[in-house]
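Let me begin by presenting the structure, written as structure tokens, before commenting on it.
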Amino acid sequence: MSLQMVTVGNSIALIQPGFSLMNFDGQVFFFGQKGWPKRSCPTGVFHFEVKHSHLKLKPAVFSKDSCYLPPLRYPATCTFSSNLESEKPQYIIHGGKTPNNELSDKIYVMSVVCKNNKKVTFRCTEKDLVGDVPEGRYGHSIDVVYSRGKSMGVLFGGRSYIPSAQRTTEKWNSVADCLPHVFLVDFEFGCSTSYILPELQDGLSFHVSIARNDTVYILGGHSLANNIRPANLYRIRVDLPLGSPAVECTVLPGGISVSSAILTQINNDEFVIVGGYQLENQKRMVCNIISFKDNKIDIHEMETPDWTPDIKHSKIWFGSNMGNGTVFLGIPGDNKQAVSEAFYFYTLKCAEDDVNEDQKAFTSSQTSAEDPGDSTPFEDSEEFCFSAEANSFDGDDEFDTYNEDDEEDESETGYWITCCSTCDVDINTWVPFYSTELNKPAMIYCSHGDGHWVHAQCMDLAEHTLIQLSEGSNKYYCNEHVEIARALQTPKRVQSLKKPPLRSLHKKGSGKIITPAKKSFLRRLFD
């Protein structure tokens with residue numbers, strides 16, 4: 001295991017609590033930007049590239065037939081293929097927190113439709129569910145099992161807001177453990193079925209889940225109701241015959257007590273658990289290796305990396321799985337120093353460089369930490385952000401900065417976008433109106449005063465006009481301030497016609513005299 005420090009910029013805060021990393025054929029993408037990303041990337045998806053120990057982020061591109069994907073935090077994600085031999089895996093995204101702190105109950109499927117040396121184009125589609133639809137939640141897991149030539153999604157655990165009847169102004173954002181139900185989701189037909197298994201007594205959140213063929217293993221997790229991290233290990237096996245599925249759960253020995261850990265796969269049969277917490281005020285510095293052999297699971301401690309003193313002494317840490325046996329880690333900076341970085345970042349390689357790239361990691365890549373608003377003080381491990389310089393992005397893509405001050409108004413202003421007083425668009429909900437909104441803004445910037453964002457839909461602008469205003473550098477004034485714009489304009493100077501003097505009408509040496517009648521006629525002619 002090798003630990004290496006990563007340098008980042010410090011001007012644009014991009015990564016926020018609850019982010020996820022997705023690995024598409026060796027390329028890593030960041031998902032889950034907190035707040036409204038404006039023109040930087042409407043979906044909060046960025047190419048996540050670490051070269052020579054320096055991190056670069058670049059907004060991703062989506063196809064025109066994609067649906068809108070909100071920048072979700074703390075979702076459950078996993079890879080999915082139509083069959084085990086498929087060469088084009090997709091990512092399943094379920095749940096998570098929206099920028100308005102609401103919990104999503106939707107399922108999105110992300111796939112790559114075009115890939116070249118310069119960019120990757122994604123397609124995102126939303127899956128509608130019928131039957132026992134799982135409620136909106138976060139900190140849970142979703143995995144895919146394969147049995148008898150068929151596949152099925154397995155969803156478990158997480159936290160959700162308390163029922164509406166119990167929500168008050170003081171406890172509006174209070175959360176509780178989800179019921180310990182197991183949901184089977186058919187991604188092809190959109191059917192969802194709930195199963196109650198007597199072995200599962202607690203709705204665990206921020207646990208570790210591993211899918212192997214027709215089996216999902218649930219390890220660790222945190223019970224909010226009891227404030228414990230039970231050292232349980234569950235095996236959930238799913239059989240998919242022609243009729244109804246059969247689900248059974250078995251409690252296995254050898255579990256470990258851990259929550260908010262990061263799981264990465266180093267080869268076909270081995271996984272590594274990094275980070276997490278064993279107590280509410282104690283990080284878990286031990287790494288474990290999980291081995292599968294002859295349908296048996298074995299968990300034992302492994303040699304830990306040479307943790308730096310900063311990592312050892314920090315009370316919190318955070319990160320996510322980059323794939324191919326690599327983990328992205330971060331810790332808070334030392335605020336005792338006069339000049340200190342907000343956070344320090346590392347990459348931890350748990351596998352050798354010659355790792356097999358063709359291995360299939362059908363594992364859950366949950367967010368690696370519990371929600372700081374709902375967990376104990378020392379489990380704020382996702383409360384972080386880091387910055388990237390605007391000039392560190394490749395190409396000439398226009399990139400707006402993320403306003404950190406916006407976070408103070410999160411509960412009141414939704415996406416933190418102000419508009420004119422006559423705006424009839426609800427800022428707490430946003431539906432794509434233009435086909436360009438997947439990579440262009442549905443907003444334009446009014447130049448009056450300090451400036452403010454205006455919904456282009458309210459201005460009744462054509463799509464080509466919106467694109468021109470987005471790409472150009474000319475000042476724009478919205479309908480409310482258009483009179484100001486006109487007053488600021490300098491009237492164009494109109495050149496007046498020159499009137500020839502009357503004396504020039506008498507040609508010298510002509511010997512002809514112009515009569516008063518002709519003079520009057522010529523005046524009318526030239527006037």
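Quick reminder: no glycine exception, Cβ is built from N, Cα and C everywhere.
Since we're looking at a predicted model, the values are computed, not measured.
Record features, source TrEMBL:
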- Cys419, Cys423, His455, Cys458: Zn(2+) 1 binding site (BINDING)
- Cys446, His452, Cys478, His481: Zn(2+) 2 binding site (BINDING)
- 371-380: compositional bias 'Acidic residues' (COMPBIAS)
- 414-491: domain 'Recombination activating protein 2 PHD' (DOMAIN)
- 361-380: region 'Disordered' (REGION)
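The local packing around Cys423 (Zn(2+) 1 binding site), expressed as other Cβ atoms within 10 Å of its Cβ over all shown chains, amounts to 17. Most Cβ neighbours within 10 Å, among the binding-site residues His452, His455, His481: His455 holds that distinction in the structure as shown. Every protein chain considered, the tally of other Cβ atoms within 10 Å of the Cβ of Cys458 (Zn(2+) 1 binding site) stands at 16. For the pair formed by His455 (Zn(2+) 1 binding site) and His481 (Zn(2+) 2 binding site), distance between Cα atoms is given as 14 Å, rounded to the nearest Å. A simple way to gauge crowding: the CB of Cys478 (Zn(2+) 2 binding site) has 24 other CB atoms within 10 angstroms, across all the protein chains here. Cys446 (Zn(2+) 2 binding site) counts 24 other C-beta atoms within 10 Å of its own C-beta, drawing on all protein chains shown. Here the Cα atom of Cys423 (Zn(2+) 1 binding site) is found 13 Å from that of His452 (Zn(2+) 2 binding site). In this structure, the CA atom of Cys478 (Zn(2+) 2 binding site) is 10 Å away from the CA atom of Cys458 (Zn(2+) 1 binding site).
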